[in-house]
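Features as listed in Swiss-Prot:
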BINDING   22, 25, 29  [3Fe-4S] cluster binding site
SITE      100  site 'Involved in charge transfer'
BINDING   196, 204, 420, 424  substrate binding site
């Protein structure tokens, strides 16, 4: 999205060029950043511009993806101004030069005093008296570290709470997960930590990992090699755009048939097929039908929350048909018979529960698991995301799905895989979590626990389950501290620490937000610390096929903002100095080891030390071969990087990685076998069932293509705000008529857990009694009506809530300016 502009300044041939992985979704498209002095520009002849393209004539289609939104003018700390251009890299195997609406705006979101990023935090900001004031890092650290120290001394680590990112991409990455993790887990040693998108410190894939199969186990190329692709609880066009466009669609179009024949010469290859499992007909379904036709696309529009029954029915059927890999099961797995017995569900029972006709279930099974004419089992890839991750008992759904996948040997063979599609990129390197159980942090806060709460690179006021209850509790507790601080006129920093601590003894909570912007958390915060994002810092992350790349720094961050890992180091060093001053050598020693000057120092301290002699325990997605990865080697690898785990490095080949896991039949369990896991169908959780019985509408929710996460950038983009002035809710037109609402009307959405407001968006493809609301938006928070239910691992059922809807009124401006045409673009 960009404003009309009749020309773009081209980079001169000598412009600086660096590598950038897209900040946003897990696909991690490769981009090049060009930077050159503001008053210079390149010519239209290919030798006169850094793109090497001939702009003197019409370029061929897709010769380059280039829009005004991919350009900006930035100012360095020394006052010098530079043009920047952030364009997709055609040589990157991930995106092959394709851009997305999210990545295509990266340049626009780099900080400029008058641009979309003008609201960025530029200095630590303190809530003083009744207003926000910018302050110094030294002052901020004296207050923040001083309060942590007092809490540790008086209450121990249990008084210090965090909600923190655990991902890659912007606001994450291996450097930053290590810096924050080392501070929280090794230095402060608090177990009172939750992750950005779930209310405890846990995994989203406990079951699959226990079964021996990590969730990112294939390569994007495997989607090109598959006979059948399953998309389960996932909308890949909108959520993983260029994985879908650059790897899935070419297979559906027949463009990868020659590659399949070359790889597997003894197999026949019918035209590729795709199966969607989703109660909602998404834009991805519409596009797939347009590309492949109805005869190669199945949409299993299951009843909400019935995924486990679906997979159990299919598992039972393929076992009965003999469409399983018996030698593989015998040699490389454990627990098959128990799973067959526990998961047994006939197709008739499966159909009654899921609402999917028996003939459609049989067709899905035949496409995916019945041997091909050449005798081999189909190569079937199962890709899943939030419909399972945030589904009806994540643990059991994953178990049921993987039982089916293991039995049919659709993991460890090229063209297969049972994989998460993912949200953010990945980038996890941390010390082991210091707790012995999973703690529901939101509920602890609601109950009045904790003295200091830091939200780091996340915003649970917009994203948590049962969000309204969380906000109400935090705002009430925060107000107690604000009132105490307002009365402490003339207090020194040390005295203010005492004032704040006393207020927390009276039920208060000191709130800190570390982020790019003053998010909705500013309503509760007392201190905000300014962070940096890729391009303003060096950052490594890995994408959904475990491909690690280096996003290189090319500009200064705004003001005194800095990388999260360096913020963590600053906090740790402040605490070390305080304990040394007190003569507490043992406590001071906990905060040693943060003498980092650059992001590379943090990368070397964490990612590269994992599994090495003399290093402490480090949980890292780079594993024990991460030491082979250096910034210099990643620079040489460009936007293609290397797929983790790294196998080797030498001067001629560079970094050599791993395309697919489990190809030799050895899995991540103690005995090296894949473990089947019994997964009975148990219906809906009681809390959720109560809402369904009481209220009319299923309140489904998720992302769309244009808005990234909480709209932390997008809320400042005028075009985005014109398109989505508030969160929309897709509704069936007949339901709209019954409620007397049309596109642009405002409705209240409510149930026993809260209420929120949304803009009506009529959609013919939405079933009656079902809705879909934009998740995590800044204006209209869907999480207010999700329940407080979680599974055994404290994983919420974000998708599982029901409520009623009532008309509030009409917004004539919305009706006049917002398009309510179908988003099923095909």
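Backbone N, Cα and C define each Cβ position, glycine as well.
A coil conformation is recorded for residue 29 ([3Fe-4S] cluster binding site) in the three-state DSSP classification, outside any helix or strand. Looking only at the binding-site residues 196, 424, the densest Cβ neighbourhood within 10 Å occurs at 424. Considering only the recorded positions 100, 420, 424, the residue whose Cα is spatially closest to the Cα of residue 25 ([3Fe-4S] cluster binding site) is 424. Every protein chain considered, the tally of other Cβ atoms within 10 Å of the Cβ of residue 100 (site 'Involved in charge transfer') stands at 23. With residue 100 (site 'Involved in charge transfer') as the anchor, the candidate binding-site residues are 196, 204, 424, and the one with the nearest CA is 424. Listed in sequence order, 21, 22, 88, 89, 92, 94, 95, 98, 99, 100, 103, 242 are the same-chain residues six or more apart from residue 29 ([3Fe-4S] cluster binding site) with CB atoms under 8 A from its CB. In the three-state DSSP scheme, residue 420 (substrate binding site) is classed as strand.
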